[in-house]
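Chemist: Could you have a look at this structure, given as structure tokens, before my questions?
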Amino acid sequence: MTKAAALLLAGSLALAACASDDESSSGGTSGGGEGDLKVGVAYDTGGRGDKSFNDSAIAGVEAAVKEAGGDVTEDIQELSPNADGSDRAELLTQLAENGFNPVIAVGFAYGDIIGDIAAEYPDTQFAIVDTSVSEMGVDNLTGLVFAEEEGSFLAGVAAASKSATNHVGFVGGQESPLIAKFQAGFEAGAQAVKPDITIDVKYLSPAGDPSGFGDPEGGKVAAQGMYQAGADIVFHAAGGSGEGVFEAAVEAGQRAIGVDSDQYLSASAEQQAVIMTSMLKRVDNAVQGYIEDFAAGDLEGGSDILNNLETGGIALSTSGGFIDDIQGVIEDYRQQIIDGDIEVPTTP
Amino acid sequence: MNALRRIGASLFAPALAVVVAIVLTAIVILVIGQDPAVALRVLLDFGDTPAQQTQSIVVILNRAVPLFLAGLAVAVAFRMGLFNIGVEGQYRMATVIAAGVGAAVVLPAPLHVLLIVVVAMTVGALWAGIVAVLKVTRGVSEVISSIMLNFIALGTASFLLTGPLRGSEEGAAIITTTDIPESGRFPAINGLFGVLGLEQPRGQLFGFLLVAVVVGVVVSVLLKRTRFGFDLRATGLSPSAATASGIDARAMVIKTMLISGAVAGLIGLPDLLGRTYHFGTEFTAGLGFLGIAVALLGRNSPVGIAFAALLFAFLDRAAVPLQFADIPASVVTIIQGTIVLSVVVANEVARQITRRRAGRAGGQGGDGGPDAGTSAGPAGPAGTRITDDRQEAGA
């Protein structure tokens, strides 16, 4: 009996290990497109349909391809890595081998390997979102990087200004230097408005375990804990787990702040009521701009393209009108950051 | 004749499982509006040029090596009736510490590699040993403790990586340990392709493949040709009978878990010594759990696990080309999942068929027939019971 139970458990774990949510969608086949522009996209774990990072990237690619007169199903090839990400190098190599140019790697997880692969295929242009390439010394590689801490600072300003309990929260996906930038900016922004504010911080998974970006249940539990402890606004930088944060906000009757895309726009009606604002990280604009530069032959290569408050690549959304009354305050801080009067930290 | 029937019976279950899985997957592909024939063609198409074809072989073998080691680690414990679900944590702990030690010392090449391997095996064994000690001294179920230790291992590995063993500079997006110097790396064995007269692939074939083969042979001999292996299997089949015949069950639990953990410690090394040269936040995770599936599919025998690992790797290879053909890579996951599920069912079906046939044969020699002589142990009731189909029942 116990043996049967244990076997069942083992089997279910094995299946869980097999399960993955990577999903490729209607990418085009290699060969036979109309335009010259053939873009390869390698997704981060989670793939298309995350309503966040990956979706934003592909939106930018599609916009650029359309603009160039290409066909979005024929001229774009999307690839998702397997569940444990062990075939990432293979994705980039095969895109390059099949003649896709440029090849765009979505997510810093590719940062470890993309330098070597770009060096192997000098005739293909590569870009990587969220990783600085300026020190890699590869001419056909561009880094699309963002000043997330600046936008998170404004999110912190908004949260602190709106908090009635003087208590806010931050839910991060995986403990990593990238998400630490969100946390650092958020804390600095909140403290700039209210120096004595209480900020709860919770990461969903430790460094080395990316599960925190796809764990809505974990996100919900974390946010519930913060609301119960007295927080009334929770900012999440946790990818797909943010869905759980919004659910918790609906149940608690409190508010949440979205991330990456304007999450108000893709949310259900009851969640729209709680999504106060979103910290916009315009991966779509960055990717689109990159492809346009590529098509026009203006790529510098070997360097980074920085997107921040000044370039508009980072911003705070206003959908829903929840923060209209504090726009003045936010604008004031925004200008100070752009002018360099406020130096936003990148580590908490 | 009898041997032939036995081989047929042992191949029947996995073959049935694969067929069932393929049929189910074909239905799924049809439902999502794609052509199963295309998927099958992609699965079997290794590429147009000889170099692409050998590259596909490299991809499969490189994936199969860690899967094989993971399956082996799980199977050693399975054979004794222990469910080591903690292989995941054991290999994460082993890899991060081995990476740290490997980067910290400088030794002549063979010694350096040997040191890293020994460290990894020791850490894996010790981590698994915790499970064994808890079971022996406090009666804690190894299933519970090994799962719980996975979380602790994950957290500890993360702490070591971000703290004392951190090698990447502050602010880098990926946190890694310091790279292992040249002398600690395991050379690729691409020379193999030259010897076989095949085209050189663009990738590198893990030299650790050789180590995996040696480990497989050693484990196989240990299980089938030694007193220890006999004790292990006997305890797995019937702990009370084993104890009655003088086997120290508690010592066996500890020894088995140590061996299982030591093998688990090797899982991360093909990648560490052959490709990344450091442990990091993006180091391949989840191999320990896949190992459970591979061990189930391979019916806990080293040869079977080798085939199972190759099958999983063969399917994994298709994940990228399938997406080029507009078929979601999840198809691969579905096939793997259904194979594991159906193998559990098929094993049971095959066992019942064998049992019924044995019953018809008329009570002489028990269900295994005269082949019980393969075990090296003493004759008698316990000896005749250790036959292949009985072991499946144990799994």
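Placement of Cβ uses the backbone N, Cα and C atoms for every residue, glycine included.
Remember, TrEMBL labels are computer predictions, not curated facts.
According to TrEMBL, the feature transmembrane segment maps to B:12-34, B:54-78, B:90-107, B:113-136, B:143-161, B:205-223, B:252-270, B:276-297, B:304-324, B:330-350. The region 'Disordered' annotation in TrEMBL covers B:356-395. What TrEMBL records for B:360-371 is compositional bias 'Gly residues'. As annotated by TrEMBL, compositional bias 'Low complexity' applies to B:372-385. The annotation compositional bias 'Basic and acidic residues' is assigned in TrEMBL to B:386-395.
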Chemist: Would the transmembrane segment (B:276-297) count as touching the transmembrane segment (B:330-350), i.e. at least 3 C-beta pairs under 8 angstroms with sequence separation of 6+?
Modeler: yes
Chemist: Flag the pair the transmembrane segment (B:90-107) / the transmembrane segment (B:304-324) as in contact if three or more Cβ pairs fall under 8 Å (sequence separation 6 or more).
Modeler: no
Chemist: So if I exclude everything within five residues of the ends of the transmembrane segment (B:113-136), which remaining residues of that chain have a CB under 8 angstroms from its CBs? That is, six or more out.
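Modeler: For the transmembrane segment (B:113-136), the sequence-distant neighbours (Cβ-Cβ under 8 Å, at least 6 residues beyond its ends) are 73, 84, 86, 89-91, 93-95, 97-98, 101-102, 105, 107, 142, 145-146, 149, 153, 180, 183-186, 211, 250, 253-254, 256-266, 268-269, 272-273.
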Chemist: Using Cβ atoms only, state whether the transmembrane segment (B:252-270) and the transmembrane segment (B:143-161) have three or more pairs under 8 Å that are 6 or more apart in sequence.
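Modeler: No, these stretches are not in contact.
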Chemist: What same-chain residues lie close to the transmembrane segment (B:143-161): Cβ under 8 Å, and 6 or more beyond its ends?
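Modeler: Same-chain contacts beyond the ends: 83-86, 88-90, 92-93, 95-97, 100, 127-128, 130-131, 134-135, 175-177, 279-281, 288.
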